[in-house]
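> Submitted below is the structure of interest, expressed as structure tokens.
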Amino acid sequence: MSYKITVIPGDGIGKEITDSAVEVLEKVDEKFGLGLSYTYKDAGGTAYDKFGTPLPDDTIEACKASDGVLFGAVGGDKWDNVDPALRPEKAILGLRKNLGLYANLRPVKVADALVEYSPLKPELVKGVDLVIVRELIGGIYFGDKCESEQHNGAERAWDLENYSVPEVDRIAKLAFETAKLRRGKVTSVDKANVLATSRLWRRTVAKVAESYPDVELNNLYVDNCAMQLAIRPTQFDVIVTGNLFGDILSDEAAVVGGSIGMMPSASIGTSTSLYEPIHGSAPDIAGKGIANPMGTILSAAMLLRYSLHEEAAAKAIEAAVDKALADGYRTPDLWKEGFQKANTEEITKVICERI
Ligand code: ATP
Ligand code: MG
């Protein structure tokens, strides 16, 4: 076996957290004999400073040539006055486009040890383990739009939503495949009572479901789903939805999770996929060695699961993170009286010991 991983640390805490995740990957590699190798590339403000562009061609090529991309974070006020077309954030949009990243997966799993960090009551949050599968490159964000026109004597603007059957089919299959690896339940979220795109979405998802007799399919309207996430989040396994609804529900679900430093994500592409924590570059704590690397470490576990199909190695990482928390270790963002305070390097070591 041998796998090539492109590592893009990016800006701010990006280097600290990706260094930590690579250390953990090396540890599971030792144990499972995966044969991982790493190529480091620049993106974001760091790349802009060196090369005058937030996304050098060389970075794109390296990503395409690898089995998976581990991404830290980009951005920071240092680049606030840069030409908008060259801002650090453009790197992630460019990668999305160049790698055809059509789906965003956001798991929300609340470790027993972290239940108290959620704004919801502990009894509602305990056991939450869901993943939102959001369509990422279609829908209303990418349809025809008009910034301003005159219509019947008034100024108006419009955005057009459209989805094609192949687009919905592809994301639905991903959701069902994901559910097969999990608890076998898909909730498809739409607004089929008012939107034509949602009715096509619902029909297409139902068709895909026929090929997955072992996976249960439910449909929910987005307004109801938003409410259910707040009152009974444990009911969900895999939620699949379009770009706009997914954007909103992903953030709502992240709040249920409670601690931003803990949360991983995957952006699935037609060939290479990209894995990154959901938080930003945290310029306020960059360089201090205190960032919580768990979101990035759990993103690396997702890379093992979804790109390399190394489920046992992925589970080993997730279990080690859980164990580190259960044993009372906390980075400063999660620290409270009575717990063992650990900086980035120390928590990495604690996790590696538990692999
Ligand atoms: P964006 O890049 O999306 O604009 P932002 O600047 O709003 O993001 P972040 O960079 O994620 O947000 O930071 C928000 C807050 O959370 C900051 O105070 C930051 O220090 C903290 N934070 C984010 N990630 C981590 C982490 N991994 N460990 C500790 N604290 C974190
Ligand atoms: Mg930021």
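Counting starts with 1 at the first residue shown.
Keep in mind that glycine also has a Cβ here, set from the backbone N, Cα and C atoms.
What TrEMBL records for 4-351 is domain 'Isopropylmalate dehydrogenase-like'. Annotation comment: TrEMBL describes Arg96, Arg106, Arg134, Asp223 as substrate binding site. Residues or ranges marked as site 'Important for catalysis' by TrEMBL: Tyr141, Lys191. Residues annotated as Mg(2+) binding site in TrEMBL: Asp223, Asp247, Asp251. According to TrEMBL, the feature NAD(+) binding site maps to Gly280, Ser281, Ala282, Pro283, Asp284, Ile285, Ala286, Gly287, Lys288, Gly289, Ile290, Ala291, Asn292.
Quick one: where do these features end up spatially?
For Arg134 (substrate binding site), other Cβ atoms within 10 Å of its Cβ number 26.
Tyr141 (site 'Important for catalysis'): 15 other CB atoms within 10 A of its CB, across all protein chains.
Around the Cβ of Lys191 (site 'Important for catalysis'), a 10 Å sphere holds 18 further Cβ atoms from the protein chains shown.
Classification of Asp247 (Mg(2+) binding site) by DSSP places it within a helix.
Residues within less than 8 Å, Cβ to Cβ, of Ala286 (NAD(+) binding site) and separated from it by at least 6 positions along the same chain comprise Asp11, Gly12, Ile13, Glu16, Gly76.
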> Please give the average pLDDT for the domain 'Isopropylmalate dehydrogenase-like' (4-351) in this predicted model.
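Result for the domain 'Isopropylmalate dehydrogenase-like' (4-351): average pLDDT 97.
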> I need the CA-to-CA distance for Asp223 (substrate binding site) versus Asp251 (Mg(2+) binding site), whole Å please.
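Counting only the Cα atoms, the answer is 15 Å.
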> Kindly point out which of the binding-site residues Arg106, Asp247, Gly280, Asp284, Ile290, Asn292 have a C-beta less than 6 Å from some atom of ligand 2.
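Checked binding-site residues vs ligand 2; flagged Gly280.
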> Quick one: which of these recorded positions, Lys191, Ala282, Lys288, Ile290, have their CA within 10 A of Arg134 (substrate binding site)?
none
> Going by C-alpha positions, which of the recorded positions (Tyr141, Asp251, Lys288) is nearest Arg106 (substrate binding site)?
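So, spelling it out, the nearest of the recorded positions is Asp251.
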> Near ligand 1, which of the binding-site residues show up if the criterion is a Cβ under 6 Å from one of its atoms? Options: Asp247, Asp284, Lys288, Asn292.
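Asp284, Asn292, in sequence order.
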> Measure from the CA atom of Asp247 (Mg(2+) binding site) to the CA atom of Tyr141 (site 'Important for catalysis') and give the result in Å, rounded to a whole number.
10
